[in-house]
Amino acid sequence: MEASPVSLAIQYEAWNVVNFLIEKGVNKTQKDLLSTSINKSSHDILTKASKEGFKALFEFIINHSTHIHLDDFDREDLTILMHACKMNQKEIVEIITTKNIDIDLANSDGFTALMFACTGGYTDIAEILLRNHANVNTLSNLGITPLMLACERGTVSIISLLLKNGANKDKQSKDRLTASSIACFSKNYTVVEYLLGSRLDRLLEDDIRRLLSNGTKTDVRNFISNVCKSGFKSIFDLLIENENIIDAVDVDENSYLMLASQGGYVEIIETLLKRGAKINLKNKFGWDALRLACRGGHAKSVKMLLQNGAHANQRDEEGQTPLMVACEGGFLEVITTLIQFDADLTLVDRKGTSALSIASREGHLDVVKYIISKGTDASKYENEGFTSLIAVCENGHLEIVRLIIGTKINLNLCDKRGFTPLRIACNGSHENVVDILIQNDADINKGDNNCWTPLKSSCRDGNIAIVALLLKMRADVYKKDNKGQTSLMSACQNGHNKIVKLLLNCQADIDMTDMDGWTALRTACHYGQASTVKVLVDKRANVDIVDKYGCSPLKACVDICNAIVDSQSPSKIQQYNEIVSILIESNADVNLADRNGCTCLMSACKGGHIDLINLLLTKVDDVNNVDNQGLRSIEITCSRGHTCVTKQLIDHGADINKADCYGWTPLQIACSFGHKETTELLLRHGADVNIEDKDGWTALVYASQSENKEIVKLVQEHSGNVQCTERDGLTTQIEFTNRCQNMDKLLKMSEIMFTGCEDDEDDEDMNCDIESEISFRHLSVAMPNQFAFPYSRSQFSFPLSYESSCIPSFPDTFIQSTSWT
């Protein structure tokens, strides 16, 4: 038989679903099923229903279960009624109270249902229970009454209800506490205020004062401060008796008068003023009572303070007056009160900001209208060069802009940065404000101190709606800033492609250059905006315009790739590779050299980015081109040990035996820098090991000098029995190597020569005569001069990640300590 929704809901104990189905109506079969299922654990289900408020399920169980006793206690020591009261389930409580139950039944702690309602602050539940004659003065095991619990909770509505139903106010607990004392100790000042104001408490005022002071566990003056801040007039009157503490202050140096003024508690203010409180005291922030009242917008308090001698133009530490504070909050009634007491509308704070500017900035239209109606000049300059119009344009308050424009203000007044109201509105993306300013003849092309126009700043920020509006009003797309940059360049720099297209459709010059010779395309390339580069080349931007250093956009991208470490920014590398690909597809000249003669390929070889180099090699005319120093791409890669790049260059025709201007071959360079894999590659492709540089040195000399015995062995294997003498007559390291049968001993001796630490015993084992050693010393001293090498950081700006592997190091101590003639 197919399971019904009711049976499934019961099976999975989805009592909310069961409750819903019962509400919608169930047939007799389903009712029988429910009765059978629920009877097995009816009390637990009933408890669940009472907690969750499942009224239909609750009524069904009560009406159909034969095992329910509503006065039974469960494992939590609670009855069904107590559960409903604790969870504020009003409908369930109403159902239960219609049944034959003991409404005052208490648990093992002596707590009744009414006590649980008072503890939770549930006035409606308490009212139902009292209506059904719940005992209002029942005591717990500790002598606690419902009224005490309500006072501790601080629910005045329940306290009032209990008192109306005869709650005993004077009842004491086993700890000799009354409801009033519990309210005091619990800091429920609202309850204390109610008890004092209603005149229901029979305790002497001295006792209340003592209880309140003890209850706070703090200095009585701080307690009075809290009372002033909260506005409890009855408590305040009870506590303020000593005239000597009328001007006491809290930790922030706020007096009682300041705290009452801050909250706008007129009755407390009046009491303090009558007792002689000092009206012009300031707290540690330089604020007085009047300023605090203005800040809160309490017009009656402001008027009372002014009538009692407060200064309407008193400044705080920031130079602000009460009027400025009121304008910031937009409290028109306070403002009119201040002006009635001669508040000065022309004053400015330390930043030079006036009350009108503050109200304009905050968008308080009614306040601005009122201040202007009092004759205030809306065009008045302030310290920062601000006017009220600039202030309102910053936040885009359209109606106030209209109001100020109506005063015939000059719309092109600038602040100290040279920003006009129009520029400010553009920066804030306030399209409606921009529109109304332009309609009222604001200068659309006026630049700031750096010659930035509203159009240029909007292009930078990507405000396409404002850019479109400015272009519609014929903003100048050719105007440059003080660096010669155009609006198009700003849009390209930030990748705002829609704006780029918009500018180009309005005849912006795509190939215009700035003071450094950068075009819009070069700008987009430099900042890695690949999609913008695509837009520009599709619009036929000249891809080969070079800057003042002779660097093309393509060359610039390659240079940037060299400065990026693969492991740190793989996405950046990919980004610039994409731009390079776009430029090459657009027939950018890969053979263009900068003013140092460096081509894109040479630059790419420095970084060793193989994908980039493969891309360039498809368009390079000659891989053997040299720069102004006579260096080729292969020599650069060999100095850095980029073996894969070296192989690609060889495959594309690089001459591996051609020497540079210093007489160095690629093999000699690789040996000198200790790049074994590159050396192996060159030797496999037939590099000549016997070619001498201008000083007569061969690859084996440099291999020996590198102190890498694996490279020495490699070169030796391709050298045969080579005897060579340096052109100055000194014994070369080749000759020295041939004399020494053991390569390990040779390298060890080389180490001794370079560190200056000789071991006599090892020297004897070397079995080398003193002449050989002297010759080796001669060579070692001469060697640093051989390393005035062009492939160092002084010639190329290498990335830091390659510097350590490219630049050989020499022991200064040995060079400085050795001399020979």
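Cβ atoms are placed via backbone N, Cα and C, with glycine included.
Heads up, TrEMBL stuff is auto-annotated, nobody curated it.
TrEMBL annotations:
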{"type": "REPEAT", "residues": "109-141", "note": "repeat 'ANK'"}
{"type": "REPEAT", "residues": "142-174", "note": "repeat 'ANK'"}
{"type": "REPEAT", "residues": "252-284", "note": "repeat 'ANK'"}
{"type": "REPEAT", "residues": "285-317", "note": "repeat 'ANK'"}
{"type": "REPEAT", "residues": "318-350", "note": "repeat 'ANK'"}
{"type": "REPEAT", "residues": "351-383", "note": "repeat 'ANK'"}
{"type": "REPEAT", "residues": "417-449", "note": "repeat 'ANK'"}
{"type": "REPEAT", "residues": "450-482", "note": "repeat 'ANK'"}
{"type": "REPEAT", "residues": "483-515", "note": "repeat 'ANK'"}
{"type": "REPEAT", "residues": "516-548", "note": "repeat 'ANK'"}
{"type": "REPEAT", "residues": "596-628", "note": "repeat 'ANK'"}
{"type": "REPEAT", "residues": "662-694", "note": "repeat 'ANK'"}
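Residue counts of the repeat 'ANK' (109-141) by helix, strand and coil are 17 helix, 0 strand, 16 coil (DSSP-based). Residues in the repeat 'ANK' (252-284) partition by DSSP class (helix H, G, I; strand E, B; coil) as 17 helix, 2 strand, 14 coil. Shown for the repeat 'ANK' (142-174): DSSP residue counts in helix, strand and coil, namely 17 helix, 0 strand, 16 coil. As a whole-number mean, the pLDDT of the repeat 'ANK' (596-628) in this prediction is 91. The helix, strand and coil residue counts that DSSP assigns across the repeat 'ANK' (285-317) are 17 helix, 1 strand, 15 coil.
Long-range contacts of the repeat 'ANK' (285-317) within its own chain (CB-CB distance under 8 A, at least 6 residues past either end) are made by residues 252, 255, 257-258, 260-266, 269-270, 273, 279, 323, 325-326, 329, 331, 333-334, 337-338, 341-344, 347, 349.
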